[in-house]
Amino acid sequence: MTDHTKEHENTPSMGFLDGLVNSISQQPKAIEEEIKFDGALPVLPLRNTVLFPDVIVPIGVARQRSIALLESLAPNSPVVFLMQTDADIDAPTPDELHKNGSVGLVLRTLRMPDNSMSVIVQGVKRVVVEAFTQTEPYLAAKVTPKDEEELEGVEFDAYARTTKQLASKIIELSPNSPNEASYAIQSIENTRFLIHFIASNISVPAAEKQKMIEAEGMKARAERLIHFLNREVQVLELSKQIQTKVKTDMDRSQREFILRQQLKTIQQELGEQDAQMQDVEKLREAVEKKNLPEEVTSVVSKEIDKLSRIPQASPDYSVTRNYVDTILALPWGHFSETVINLHEAEKILNQDHYGLGKVKDRILEYLAVLKLKSNMKAPILCFCGPPGVGKTSLGRSIARALGRKFIRISLGGVRDEAEIRGHRRTYIGSMPGRIIQGIKTAGTSNPVFMLDEIDKIGADFRGNPSSALLEVLDPAQNNAFSDHYLEIPYDLSKVMFIATANTLDPIPVPLRDRMEIINLSGYTEYEKLHIAERYLIPRQLEEHGIRPEDVSFDALTTKKIINAYTREAGVRNLERQIANVCRVIAKDIVIRRESDQPDETPITVVTADLKKYLGMEQFYPDVSEPVMLSGVAVGLAWTPVGGDILFIESTVMKGTGRLILTGQLGDVMKESAQAALSYLKSCADYFKIPDEAFRYWDVHVHVPQGAIPKDGPSAGVTILTSLASIYTQRKVKPCIAMTGEITLRGRILPVGGIKEKVLAAKRAGITEILLPEKNEKDVKEALETNGGAFSDVSFKYFHEMDDLIDYVLEPAENGAPQFKVEDKDHTPETTGNESE
């Protein structure tokens, strides 16, 4: 329904404009006719309008039912005016009208060109509806008038005076209000009319006016009116203060602008405008064109003013000029438009990377939330995984999926805090930190910012860069990042920071706590094969100028390269080996084309040709061949570059019960060996180990590859198995590897890096893996995403160490071990192996 079909409230605001002056000064005369309330009176619903007694107001009428009511009335007929509870209702029922209103007289009606009517009504008395008697053709109701008390005494005089003062103040503060209105207000002697008239014209919501007419007693209505008048005075005074301040600031700016233009014109006329002043003017123009924050504008304007007073030959000139140029070069308030299309983003992520489902899901979740709430803070992610799994390239793909700029800085070897926060301008050659420089390079305030190798940050006497990153990577603080060079807060809250690390251990706990860690595991053989066929081989063929139709790689050949020429968690060395093959092929193609009889036959790389392309095999899958000696167990280890297998060797010799540990072991690993030996001693009867074995025989535990430092609790199970094997003279079953932490009670605790360890075991030819019972969930998760890669590996889970030893050790060949003492010097002998 269009607007012209509704009643329009035509009540003037508290400005008391020109047309009302006469109405105010002419107070209404007493109604001579007596309104009879013994019968039903017609009811006219009003939208957002309240009729007060004694007040004359114009009302627009457009509804047919209301027009029918007005046409049926005789001159000066009484009508009950009730406001609707909901102004949007076109045909209100009795339940949709307020029960309190006013009875008034229709003084005049006027038909409008659009067939609506304009009526002039005068309120007479407040009434309350007792019951509605009809609804068609218009509403009618039986009403009861409300008696008004006599307004006498000092108290009502005070109410009247206060009301007049506030009304006059509002007229004084209101723009375009005639001065006569204030005089007319002061001349009103009837307190009831004064209160009702001002209440009718004050600019407050209609619901508040309805509460005012429902209030019992003039005192209550007067107090409510004074409350609204006070509020209006406060609003107008505050508005005036704001306008005065704005006008003063504008006058100052205009005066400064005019003076500068005059100075510029005078200098041009005199030919005195030098290059320095031209530079200063260009800087001022640049400040005016850029949408800088108020604080930044104030600082840079002061620096430009200082620049205009510094001689160009002074060293301070270049320092100040560089500072101003840096501020103007930053993208204050400029953001790249992010066009969010989840299907397109998912397509881009899948085009660039194979697998990595968790990471892709996290990015798509962020995009979905960003589409629902555009002002959300960007996440702080940390990709943790071995080298070569695609952490850095994944950041580029994320930027492409978001449609944003990509900035990368390497933090490896950074030791100076100023690299992050910048140098203060007091130093010679000072400059912003690498964060602000990256934002400047990006040219936008919401790039994808990669902090590469965050785990390789150092620290020295110049400070700890990790501490400076705490503010950068804290969403609650980085909206006002303070660079030492700028000394002005810069908003980094819309920047999507992505950190990369090979391991989390070197990262300080407070910094780690600010990031959402996403672990990227090493690739399985199946994943590497797909990555090679889909990404690496096509890329290397293109980089070496070889057409795809000229060369093809057999799948078995690619698998052979993966298993025999690389041993890594990622695919970086795999790409190098493929590049080596492509170089040899490129040489062959060129030689064939330069020969007398060019040969364009496509080349197929098969397994038999790998020796020609890459030389002898570098790795063998049977590295964990069966060991025929007791005291040797195979463990699983996690390293920053992926998983690996670990041999634990033990032997006994004549001695005094010492434990000898070699192989460059860390403190945690040494403690695991001590705990394993203590557990064996406590369970010697169960494993049928004589007491003499611990008193008169030394045991030596060695971990090969002694040049490599080793540490961690996950070798505890393997060390205990090795010790149990040498003391019981029972061999470990072949093709079994294990991992887990042990306690003195013989419990097996869960460890991390399960997927990497399982991949290492599979590469080494292990067919059965023993794991802590609580790591079963990790294996299930790995099987869900890479089930085919572990099809030929079985898993067993243990909670107690004695159960594991009973399972993994074969029966003793010569019965129980014998540790004898032949003489009083305790010279022992054993039927087992003294060394390996």
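Glycine is no exception: its Cβ is also placed from the backbone N, Cα and C atoms.
Over in Swiss-Prot, the protein carries these features:
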- SER714: active site (ACT_SITE)
- LYS757: active site (ACT_SITE)
- GLY385, PRO386, PRO387, GLY388, VAL389, GLY390, LYS391, THR392: ATP binding site (BINDING)
- 41-233: domain 'Lon N-terminal' (DOMAIN)
- 627-811: domain 'Lon proteolytic' (DOMAIN)
- 816-836: region 'Disordered' (REGION)
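Here the features listed in Swiss-Prot are painted onto the structure.
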residue : record           : CB count, 10 Å
GLY385  : ATP binding site : 27
PRO386  : ATP binding site : 23
PRO387  : ATP binding site : 17
GLY388  : ATP binding site : 19
VAL389  : ATP binding site : 28
GLY390  : ATP binding site : 24
LYS391  : ATP binding site : 26
THR392  : ATP binding site : 15
SER714  : active site      : 27
LYS757  : active site      : 30
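Annotated ATP site GLY385, PRO386, PRO387, GLY388, VAL389, GLY390, LYS391, THR392; additional same-chain residues within 8 Å of its Cβ mean position, judged by their own Cβ, are PHE383, THR500, ASN502, LEU520, ALA569, GLY570, ARG572.
Across the structure, GLY388 (ATP binding site) and LYS757 (active site) place their CA atoms 17 angstrom apart. DSSP assigns GLY385 (ATP binding site) to coil in the three-state reduction, placing it in neither a helix nor a strand. The two recorded residues, PRO387 (ATP binding site) and SER714 (active site), have Cα atoms 22 Å apart.
The two recorded residues SER714 (active site) and LYS757 (active site) have their Cα atoms spaced 11 Å from each other. DSSP classifies GLY390 (ATP binding site) as coil under the three-state reduction. Counting in whole angstrom, PRO386 (ATP binding site) lies 12 from LYS757 (active site) by their C-alpha atoms.
LYS757 (active site) falls within a helical segment according to DSSP.
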